[in-house]
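Novice: Have a look at this one before I ask anything.
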Amino acid sequence: MASNSIKIFAGNSHPELAEKVARRIGLSLGKVAVVQYSNRETSVTIGESVRDEDVFILQTGCGSINDHLMELLIMINACRSASARRITAIIPCFPYARQDKKDKSRAPITARLVANMLQTAGCNHIITMDLHASQIQGFFNVPVDNLYAEPSVLRYIRENIDTTVNPTVIVSPDAGGAKRATALADRLDLDFALIHKERQKANEVSRMVLVGDVRDKLAILVDDMADTCGTLGLAAKTLKDNGAKAVYAIVTHGILSGKAIKVINESALEKVIVTNTIPHDDKRSLCSKIETIDISGVLAECIRRIHHGESVSVLFSVAPA
């Protein structure tokens with residue numbers, strides 16, 4: 001058993017999630033003061049000793065992403081300078097995860113740059129969830145635990161949707177998410193369908209083609225990320241046009257930027273279920289279709305297991321209560 005104690009600090013991106021995680025472990029959040037000067041520089045002061053402690057810093061990729069990323073880097077570096085034994089960054093929604101490859105001439109691989117910056121700042125370990133591209137783990141020279149929302153999603157479906165009464169089909173909104181959707185369908189013993197989408201430019205889908213049978217069924221769209229929700233809106237229309245009785249969407253990272261709320265409200269989607277890797281309270285007040293799955297239990301159990309040197313692989317298949 002580790003002799004050093006756990007210290008959990010929260011950045012400004014998602015203090016509510018950090019508070020839930022700390023409460024589940026039976027701790028209070030560590031004292032930290034983050035100040036932004038009039039010239040937009042960020043200053044961080046760690047308000048308690050972290051010498052020889054096991055430090056966890058929670059900061060997710062949302063809102064003012066660049067400010068939050070810099071804040072995280074400074075917090076990590078401050079803890080390293082204060083002689084923390086180990087520093088783990090908990091980044092539920094990893095920033096710049098969609099910039100993971102050189103997909104056109106002179107394009108930067110920004111996800112790798114973020115990985116390098118985190119390590120240079122002094123990070124010893126990364127916890128994240130449903131990376132948009134799993135190969136991002138290879139950008140790090142420190143351990144990365146990429147947790148899955150799937151166990152929590154399975155629990156939500158089993159507790160809230162009676163698939164024996166309502167014939168249900170799991171749908172991937174694109175070919176890239178087929179593996180995720182088929183894994184979920186297999187564990188629930190449900191049918192699977194796929195939507196092929198053609199893009200003319202980023203965030204805009206021009207045409208969708210359905211592969212599979214959704215007629216008279218509840219169709220559940222499953223994806224790792226929903227940004228402007230253009231894909232989900234068009235996918236829901238495609239499913240309804242092909243006879244689906246109702247359409248839900250379950251998404252790990254509900255970024256919901258731009259006109260996303262307007263798109264959801266005007267779409268054929270009856271529910272959009274997102275995890276709380278990103279805060280949604282302001283969005284939920286504008287859209288009654290949005291529901292939230294709490295993943296604080298997964299993060300808390302991961303922290304406990306890492307601190308005590310236990311395996312975290314059980315969290316890939318079971319969601320803590």
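Every residue, even glycine, has its Cβ placed from backbone N, Cα and C.
The following feature annotations were taken from Swiss-Prot:
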type    : residues               : note
BINDING : Asp130, His132, Asp145 : Mg(2+) binding site
MOD_RES : Ser172                 : phosphoserine
Novice: Could you round the CA separation between the residue listed as 'phosphoserine' and Asp145 (Mg(2+) binding site) to a whole angstrom and send it over?
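Specialist: Distance between the two Cα atoms comes out at 25 Å.
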Novice: Would you say which of the binding-site residues Asp130, Asp145 has the most Cβ atoms within 10 Å of its own Cβ?
Specialist: Asp130
Novice: What number of additional C-beta atoms lies within 10 angstroms of the C-beta atom of Ser172 (phosphoserine)?
Specialist: 25
Novice: Suppose we draw a 10 Å sphere around the Cβ of His132 (Mg(2+) binding site). How many other Cβ atoms does it contain, all chains included?
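Specialist: His132 (Mg(2+) binding site) is surrounded by 18 other Cβ atoms within 10 Å.
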